[in-house]
Amino acid sequence: MDEEFENDFPYKVMLNQQQDPSDAQSSPTFVPSANPSLTTPWLQTTPSANRPTWLPLQQHMHQLRHTGLLPAVESSFVHGHRRSASAGVGMGNFSNQATIPSNSPAVSNMQPPTQGGQPLYPTNFFTTSVSASSDSFPNSPTVPSKFSLNPSVATSTNISPRRHAKSHSVASVSSPNSHNAVPFTPHAFVPPVNNASPLPALNTLPQLLRPRNLDAQWRPSSLSQTNSPTHAANPSFPGTIVTHNTSNFRPEGGGHRHRRSTGSLSVGSSGSGFSSGGSGNPRKNLFSPYLPQSSIPALLAERRLVTGILIVSKKNRSDAFVSVDGLDAEVFICGSKDRNRALEGDVVAIELLDVDEVWAGKLEKEENRRRKDPISTRGSFDNLRIDAVPFEVPQRSAIKARDDEQVEGQTLFLLDQKQLGADEKPKYAGHVVAVLQRAPGQVFSGTLGILRPSSAANKERQTSSGNQGSSNNSGNDKPKIVWFKPSDKRVPLIAIPTEQAPTDFLGNDQAYAQRLFLASIKRWPVTSLHPFGMLVGELGSMDSMSAQVSALLHDTGVHSEPWEGSAATSAVTALNALSDNFLNVAGCADYRSEDVFLFVKNDVSKAAVSEVKQHESNINSSSATDFVSSAFHIRPTSTGYHVGIHVTDVSRVIEPGSPLDRELQRRSIAVNLCQKSVPLFPTTLGEALSLREDKDCYTMSLLLDVSSTGKIRGTWIGWAVIRPRKAYTMKEADELLQTDARLRLFHTVSSRLRTHHLGTDVPLSRYCRLVRRWDEESCSFDPNETNLFISSAVEVLRETLLDAANRAVASHLRQEFRENAFLRTQRLPSRENCRILQSMAIQMGCVLDLSSTKSLLRSLSLIEDDTVRNILQLYYYKVTPRAVYEMQKYKGNLASQMMSLGIEDESDDLTHFTAPLERYGDIVVHYQLQLLLRGELASEKRLRVWSQAANDASRRLVISKFAQETSIHIKIFSDWAESQVWQDGLVCFVAPSYFDVFFPSLGMEKRVHLDLLNLTHVRFEEDQGILSLYDESGAVTVVKLLTSVKVKLFVQLSTPPLINVSNVEF
């Protein structure tokens, strides 16, 4: 296999397929270094006497990146039904297997289009002004879709003899051959295909649609496909949900709770529902086999299936939800059987079911569970009365109380978790019929146990009651497996072979109760309730903060492994090219005479920089300093100000599509935690690209012509070379803000830009740091400041200039690239959440303007009370979906749903441009600007790669933000002292069964459940947001927003650590 694809971006599935010569893109000649030190050795795990030598972690993750992890997607037909591949050979080990149909996704290379058209910009820069031309960047030629399913390829579906809930197609279907099939797009509907277009023969189909040879090595795809033809069109949804039986495949009758097949879309199976497993002992299928991968595109085209990313509820792990583009509500997945072995974050194919039958089954199951729990007899959370009549305090079951303690205790904020009550029937329901994509190399942290948690609890109860049970299994019987309990409760228990456990584990398992291990899933057959996996390594004791941080990085999927292979070689080549061509200022504007300054997080001395340069031979040097992406210069003019924002030019040395570029796309973002940072770039290359004091630097520069009132009258973008004269640390700049002439001018211009943008002049102290939508992941994160509600004045001013630069670049991209522009957008909060936010504001004595994001920020900034402002921005932050990248062309009609609260003018367009050393999204924007400066067109293939990068980078930004907040929570736990047991807080949200408390000193929020308090009755007045608490003495305590409370907190060692409420005083 070609080296370029052998080390390709791992969120793709590449089979034994050679690159088409026409696909080759121009790239510099890479000269491999002969220095053996450039090759990073595998991370070795030191063996010890009491545990075996496991596969080294980095080697294991490298192998996972090149082997399959989709659960039981390999299949064969045995005894009349489709059997899991678990009998015999596990996932990722397909030796000596026959060529059989497969569910594994594959990717085919796209043919690049022939580019045409003349360059729009013959020079190396372009300018805009108020009267700028509206000439648009012409759309790149579109490749006609050649990926259609031959009608002779029949869908493997049979009428199931089992009863099944009524399933729904998404549009009326007259017959299975009524539409031509097209490949699927993750979490999107596939649009109708032109029936007049010819269909290719079977041998011309991409491997995505063909049976796959299991002898071939392959890699799983990610949550999206980089070169997949499935991005040929991102569909709008023209059809409607059909609520009647329209398919001749659909079985008669319902019975959602009793089916053992995929219903109307079942694969061929016998009526027995048992698998021999290759051993002669039949085992019952606990899950439905996945549909053949080759049948998925046709079913999507016929509106028989929908696709999306699976999200498992943290509050109730039996529930899951799939967000589908084109549907006005999420699809509800009820229970583990309907989830069908899919994991959090998987791209899944969903068949819609009858909502009434699914919901009735869920309510019946909840009622049965409630009857078994005597604690729940005093009250129910599902039928709370919210009028002015006192009602009995609802009691949580022991299981729910424990789940609440774990979910609410490990987060900094109480994020809006999906949880359905008895009166919240979903609009759509469905079940998983195939896992289409899964992030490769997933490794989970957790603990080991001999018994499953449920079995251990039963044994403990038997022991406490004096019943030791049967002793037949005690003594010489050695268990074949031990159980791995993941830290993330959404991940199922994993069965691990006993041989992989520490040698003394069976005889001394309690000694390992507080030890953190790493494990991965190898396979999950349909006959097993739990997946089978393997131990990867041991992190250490749970009370070690370094082990906690390592567990956090693994559980969130942060790529912290060293650079190796062709990506590391490509990084060295880029570093050498940067050194050899420095300084080639041809075509660059020279701003070395300008008074350029920059800001750094830490005090980066010249000695530290020199130390880094001594390690340039090692691409993974640990002597890293803070990378600086942006610098500024400001000069007064006769009518205003000349402002320059200079951003390091990464596109100068990174070739799109190179191994370095693909590895940067895989990592997507630098992760900044309180305890450590995981950079996006290799240390030496990042240091070479970083802007430094008294160093000549290549930049992509943006010049702003700013009026005296803060209005931007014109912009210029082009390549430049600068030499910063001064580097301020953030602490130093705060101290000199009013005395340093350079910083005073910086303060004046930034303040006027902010005043003009918001339409009002507000103090810097009222800056709403938490709800800024352009930098949610906080690349400027300060590990010493854990309160996210506090910002320094210099940081606010700096971000104002960067925000102006991002909006100016977004305006250029929108004008030139139109629907191909790489922009940052945000979904609307739900109407109900907007109503609650406005109601909260009114109860606290203010009114918010929710007509647009800008107007909301303006309203929040006008609130003088810090506490009220922080509570409102906290709630808005929790209920607003995270901002994402998008290219409108590949989003269909989703774009209209993805804008912010509203757009007041074109300047509200946003993108990421100013931090290319921290975010891959900024690198894509630099690529697009490079095309504009060169007057070139982007190929359709390259645009699809960028659309894929938008999906991946958006997901990674959310992960980075969650990791940041969790690291703050871990730091608060590690610094905990007995004096912090009682904390002063303010009520920030009120509900019938709980109220939330905000702690201003910690910047943290916790929940107080009413069943923790000694109460007899409660009364909730929803219209006024008042909760009245009645205790046994008859006293009444009124709780509403801004009520001062004193809360007793307690900490508990877990992964992540827990901080919860034990008592409250009013």
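Every residue, even glycine, has its Cβ placed from backbone N, Cα and C.
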| task | State the residue range annotated as region 'Disordered' by Swiss-Prot; the candidates are 18-40, 616-638. | result | 18-40
| field | Feature phosphothreonine, as given in Swiss-Prot - residue among T230, T243, T377 | value | T377
| field | T157, T709, T760 - residue that Swiss-Prot labels as phosphothreonine | value | T157
| field | In Swiss-Prot, the member of T114, T226, T262, T755 to which phosphothreonine is assigned | value | T262
| task | Could you break down the residues of the domain 'CSD2' (482-556) into DSSP helix, strand and coil, giving a count for each? | result | 18 helix, 28 strand, 29 coil
